[in-house]
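Quick notes on the structure that follows.
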Amino acid sequence: MEMLQGLLLCLLLSTGGAWASNEPLRPLCRPTHAILAAEKEGCPVCVAFNTTICAGYCSSMVRVLQTVMPPLPQLVCNYHELRFTSVRLPGCRRGVNPVVYFPVAVSCRCALCRRSYSDCGNLKSEPLGCDYHTSQDSSSKDPPRNLTSPSQLPEPADAPLVPQ
């Protein structure tokens, strides 16, 4: 009987470990697929393209007595390694460079937010997209005619970053 109780105890403890797993409930900071949009003055077409961004959760702490102690620095999901690639905007006026360069996440890490190259604000209520104030009446609910359909999204072509 004592051996059976020991076996039962081991079984319960091992199962409890599976329930209380170390895995987080939210995805950690990692490269994630995203669809972004690019537009440029002098180019009539907004182009949506596939890329990889850094997204996910980083561990953070908040002090209980915030008035007595300074706030703790909060970590955010940042690029660790990145490469640059480009997308070509069609139909640009003569003299306008149709190439738009953007970063592609190779790896990500939790670090302090650097405002020099990151948007440190809250999540946006609307996804990133093109500005249609000049090309469409604001009362219209129809989608813009000049946005590439999702089935025709270009994959970014690898290109070295060339200074303009």
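Cβ coordinates are placed from backbone N, Cα and C, and glycine is handled just like the others.
Taken from Swiss-Prot, the feature signal peptide covers 1-20.
Using a 10 Å Cβ-Cβ cutoff, Cys77 (disulfide bond) registers 24 neighbours. The annotation disulfide bond is assigned in Swiss-Prot to Cys29-Cys77 (among others).
Residues or ranges marked as disulfide bond by Swiss-Prot on the basis of similarity to another entry: Cys43-Cys92 (among others). Contacts of Cys43 (disulfide bond) defined by a Cβ separation under 8 A and a same-chain sequence distance of 6+ are given as Leu89, Pro90, Gly91, Cys92, Arg93, Val96, Pro98, in order along the sequence. In the three-state DSSP classification, Cys43 (disulfide bond) falls within a strand.
Of all the Cβ atoms in the protein chains shown, 19 others lie within 10 Å of the Cβ of Cys46 (disulfide bond). For Cys46-Cys130 (among others), the entry in Swiss-Prot reads disulfide bond, with the evidence type similarity to another entry.
In the three-state DSSP reading, Asn50 (N-linked glycosylation site) counts as strand. Asn50 (N-linked glycosylation site) counts 15 other C-beta atoms within 10 Å of its own C-beta, drawing on all protein chains shown. Per Swiss-Prot, the feature N-linked glycosylation site maps to Asn50 (among others); the stated evidence is sequence analysis.
For Cys54 (disulfide bond), other Cβ atoms within 10 Å of its Cβ number 23. Look at Swiss-Prot and you will find Cys54-Cys108 (among others) tagged as disulfide bond.
Residues annotated as disulfide bond in Swiss-Prot, with similarity to another entry given as evidence: Cys58-Cys110 (among others). In the three-state DSSP reading, Cys110 (disulfide bond) counts as strand. Take the CB of Cys110 (disulfide bond) and look out to 10 A: across all protein chains shown you find 18 other CB atoms.
For Cys113-Cys120 (among others), the entry in Swiss-Prot reads disulfide bond.
Residues annotated as region 'Disordered' in Swiss-Prot: 133-164.
Residues or ranges marked as O-linked glycosylation site by Swiss-Prot on the basis of similarity to another entry: Ser140 (among others).
Residues annotated as N-linked glycosylation site in Swiss-Prot: Asn146 (among others).
As annotated by Swiss-Prot, O-linked glycosylation site applies to Ser151 (among others), with the evidence given as similarity to another entry.
Using Cα positions, the member of the recorded positions Cys46, Asn50, Cys54, Cys77 nearest to Cys110 (disulfide bond) is identified as Cys77. Each of the disulfide-bonded residues Cys58, Cys108 was ranked by the number of other C-beta atoms within 10 Å, and first place falls to Cys108. Taking CA atoms as the reference points, Cys29 (disulfide bond) and Asn50 (N-linked glycosylation site) are 19 Å apart. Cys77 (disulfide bond) has Cys58, Cys108 nearby among the disulfide-bonded residues Cys46, Cys58, Cys108, counting only those with a Cα within 10 angstroms of its own Cα.
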